[in-house]
Amino acid sequence: MEVELEIKGKKLVLQTGIFAKQTNGSVLAKYGDTYVLCTVVAEKTPKEGLDFVPLTIDYQEKAYSAGKIPGGFFKREGKPTDREILVSRLIDRPVRPLFPDGFNYETQGIASVLSYGDENIADILSIIGISSALTISDIPFNGPVAAVRVGMVEEEFILNPDNDEAEKSILNLVVAGTEEAVTMVEGGAAECSEETLVEALKFAHTHIKKIIALQKKLQQLSGKPKREIISLNGDEEIQKAILNIIGGKIENALFLPKKVERQQALDELLNECLQNLNTEEFRQKLYGNFDKDISLEITNAFDKVIKKFMRESIVKKGIRADGRKSDEIRPITCMIGILPRVHGSALFTRGETQALVATTLGTSEDEQKVDSLEGEIFKTFMLHYNFLPFSVGEVKPLRAPGRREIGHGYLAERALSYVIPSKDEFPYTIRVVSDILESNGSSSMATVCGATLSLMDAGVPIKAPVAGVAMGLIKEGDKTVVLTDILGMEDHYGDMDFKVAGTEKGITAFQMDVKISGISYEIFKKALKQAKQARLFILKKMAETISEPKKELSLYAPRIYKIQVKPEKIRDIIGTGGKVIKGIIEETGVKIDIEDKEGIVKIASSNESAAQKAIEIIKGITQEAELGRIYMGKVTRIVDFGAFVEIMPGVEGLLHISQIADKRIQKVSEVLKTGEQIPVKVIEIDELGRVRLSRKEALREIENRTATKT
């Protein structure tokens, strides 16, 4: 069974009934030569006590899909790559909000790339395919949802740009939505305007609706009846009981200005509820079973009560938990150069969110090699985000970065990538690390701000400073409030998380997730307007600390020097088996990188004298003999017809016996000795570059110069 839709001259095909038939839902999504198998499976029984949708999404790229064999010793796919993690998150975000309340069945969706073409669409197909698989399955799902990518070339929007179009595009936007509205946005841009972004969403949604209609057609042909959700009763009764116990105390606890104090007060209220409600009498009344532990049910109901209080306070009273107005930004402090041995460092604090950001400059040896289905990619700019457990007062083991950390780091990296200088302008590999020391909302945007400060402190000539802010939304009926610089609580209990980063001129990165059925373009415009005001305010605050990149690099950063040589001279620098270049490195301690085709030699060292020494050695190796010039050369070999003299490193010339002296010489060894330093003049360089020397002309010229001086 399959349905199809033509997009840009190629068919989007959704096929079911052939692959993976033991799943709850399975769809093969095809476009051009790109095939993605999308499957969903849900457990048959629910899990009790969950306050979230137990959904796991995994995206995997099979090496065989691009005709490749994986590298490494084992020659098979290993742990998920960063790209696979990022696409997994991209699929998850528009799908998760569409599961109904009370859905407690563990569910897994897997998107496997089986064939990889040059359409640049595997991630988009995965979102469409997972949604289609859920739509035709028996799993309750308030979809379907669809996605497209939007590019922009010469001020025209392009739907699902291929690899060639993507290279020219100034916009890279993934938009997902339902039939009614856009629900997820992620992308980057070369300083685009807010108006352009809104128009891009409208353009995207027009095509999203066509793909949703295609999924509904597939559902009509092969959809299964949806299973009923077995929900546990008693939640409303528990909420009423909670209000009877602590109703008069919630407001005082919820509106304490500090996060730690607020959380402590709320924890005390929760404990009071647990002590009063997790009793035999209440359990018997609620479930007819006094042995049942209902602490999880009480905790979940308590969370809903607090959520309702916070939202009503914002919508009806205009009061946020920390006392701010809806468009007010928390206090900001910026510090730079705080770590003496680090090439660039900054501490950015916004309210109770704090990022310590460090910049390290390296050479081409430090570039990150990324294996992808499209081939090897070398990254010269990297940003890594670390969320440390103490930042929220927790005790957790330190492990490898999780999905959230990789996603936040990528968002911040994307925001800054548009202002990072090209390799020709700044020949360094740049690594930025953001360690979150405190967190109460918007740590990824604090990373963007801190990274900008750190890069400028390191002397990286970025095109413009970048700042970011997280926006939120509370929607109750017809009333909506857009929040600027949201707290963690406002993110958790709110209806939207919208992160916007950019320069003074425009937006460079954005990420939006809507937890409700969608938002209108009017609300979206308002959020963008508030975000721009906040961004400009933050940029101004950052400029008070540092307004442009430092002119000098850190004393401890490597200096990179470029030398242009003839490409044919590269082999002389390297030497047989790398002997010459290794010798230079051992003697000077520098790093040397050679671009063979261009004839560019890069020398890197934090010690300027060592770098200059290496430069002189390389210049000596690559310089060519100059006709008519006198050199002090070393006799390297004596032969019957003359001698070979090295006039510069790697350059030898023939000194014929007739050119040794004015008088006739019987044996060369009577006049010259191996290793002897003698003056010689270059008298000929033939077409093959062979050099002929004359000692007698050199002596004669030196004698004439001396006589002239006296």
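Quick reminder: no glycine exception, Cβ is built from N, Cα and C everywhere.
Per Swiss-Prot, the features are as follows:
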BINDING   D491, D497  Mg(2+) binding site
DOMAIN    558-618  domain 'KH'
DOMAIN    628-696  domain 'S1 motif'
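Mapped onto DSSP helix, strand and coil, the domain 'KH' (558-618) counts 32 helix, 17 strand, 12 coil. By neighbour count, meaning other C-beta atoms within 10 Å, the densest spot among the binding-site residues D491, D497 is D497. For the domain 'S1 motif' (628-696), the number of residues in each DSSP class (helix H, G, I; strand E, B; coil) is 8 helix, 36 strand, 25 coil. The secondary structure of D497 (Mg(2+) binding site), as reduced to three states from DSSP, is extended strand.
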